[in-house]
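Annotated in Swiss-Prot:
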DOMAIN    2-60  domain 'TRAM'
BINDING   C73, C79, C82, C162  [4Fe-4S] cluster binding site
BINDING   Q283, Y312, D333, D381  S-adenosyl-L-methionine binding site
ACT_SITE  C408  active site, nucleophile
Amino acid sequence: MVVKVKQKIPLKIKRMGINGEGIGFYQKTLVFVPGALKGEDIFCQITAVKRNFAEAKLLTVNKASKNRVKPACSVYETCGGCQIMHLAYPKQLDFKDDVIRQALKKFKPTGYEQFEIRPTLGMKKPDHYRAKLQFQLRSFGGTVKAGLFSQGSHRLVPIDNCLVQDQLTQDIINKITQLVDKYKLPIYNERKIAGIRTIMVRKAQASDQVQIIVVSSKEVRLANFIGELTKAFPQVKTVALNSNRSKSSEIYGDETEILWGQEAIHEEVLDYGFALSPRAFYQLNPQQTEVLYGEVVKALDVGSKDHIIDAYCGVGSIGFAFAGKVKSVRGMDIIPEAIEDAQKNAKAMGFDNAYYEAGKAEDIISKWYKQGYRADAVIVDPPRTGLDDKLLKTILHYQPKQMVYVSCNTSTLARDLVQLTKVYDVHYIQSVDMFPHTARTEAVVKLQKRV
């Protein structure tokens, strides 16, 4: 390797990497530089040298891209929550198209060069879109602060005005830090593994109802805290306590107790409403969720005789879009509270053809097929890790005629398509910008069993 740590070098940025970093070559060495844009001439300092590449930090931009903009966020460079806020928004959408192409080129699923990759669907106003926040709490010189850990560290960056966070949720977390200070509530101590470590605030866009989870390693007295908070913000309908005594970086423990208020808040998507309990998964960008789920509906051609499996179903929100026009919908999720919500939601909407069960998709689908159930179509919306290998084998064994893959990680999507394209043709990939100013995107893939 021709470069060394701390060495300062000039660099011409040739392209953008999948994490939003600029990529250039210095004497044939591949160098990744966060904050740099394609076409720029920069000066940077090497921070790490690996076997096949090096990493560097941006020092100066000698020739700026015409697509560079000044980020409005005061903590953009230290927070790490957003990666491409310095790139003009229309070009962010182009970047996300390219991220999909890069992933496909790396894994090379059958026929990938002919896949139709449709332009990413963006937002008219790509700010204050996050309806959910999960901030860590720490004590700074005796004062409580809330925020996010800086990229790749355990150093908290206090945030009191996040530009991608819904304003009400930001106002509530700001009030929470004041009240935690006021009532001297115990703040998490990493050495002792004790105290309040995380606060989750989620708002339902349709109803303006808010739920809060306090994540703590031990019981905390919150009566006065709850009383003052709910008086200041009547939109708060639920306060729950999640017990997490683990030393790991997992945000939540297994036990969640409603301390105050109702069990769920009311949300709506595609003209139907549903209950959302504190631990149930739901997309964090409600405006774009309408777009995303609308694309899922377009991608499946089903009718009154068809049966659908909605894997990783959460509270049932995707499957409900089909329940009124198909023979049956079955879904599963590993979070029991989400399945309870799905069952209640189906009953409330009169969908007696919808059935939900708690457990792993790879286990439950196999069980259903052994019991004689046959799906004409399957919808998968897995976490960033992609499809479990056992689930992939199950799908390829039973081969439902249609499939829609909703992905939040283009790399694991491309990896899974290597297996799926042995049986299925990819009709198109439609990217939806669920996370403006970040390097992440969501993609809807329409697959049809090959004849």
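If you go along the chain as it appears here, the first residue is 1 and each next one adds 1.
Every residue, even glycine, has its Cβ placed from backbone N, Cα and C.
Mapped onto this structure are the features recorded in Swiss-Prot.
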| residue | record | Cβ within 10 Å |
| --- | --- | --- |
| C73 | [4Fe-4S] cluster binding site | 20 |
| C79 | [4Fe-4S] cluster binding site | 19 |
| C82 | [4Fe-4S] cluster binding site | 21 |
| C162 | [4Fe-4S] cluster binding site | 23 |
| Q283 | S-adenosyl-L-methionine binding site | 23 |
| Y312 | S-adenosyl-L-methionine binding site | 22 |
| D333 | S-adenosyl-L-methionine binding site | 27 |
| D381 | S-adenosyl-L-methionine binding site | 25 |
| C408 | active site, nucleophile | 18 |
Chain-mates of C73, C79, C82, C162 with C-beta within 8 Å of site centroid, [4Fe-4S] cluster: P71, V75, Y76, G81, M85, I159, L163, V164, H437
Nearest recorded site to Y312 (S-adenosyl-L-methionine binding site) by CA-CA distance, among recorded positions C73, C79, C82, C162, C408: C408
Three-state secondary structure, which DSSP defines for C79 ([4Fe-4S] cluster binding site): helix
Integer Cα-Cα distance in angstrom, D381 (S-adenosyl-L-methionine binding site) to C73 ([4Fe-4S] cluster binding site): 31
Rounded Cα separation (Å) that holds between C79 ([4Fe-4S] cluster binding site) and C408 (active site, nucleophile): 21
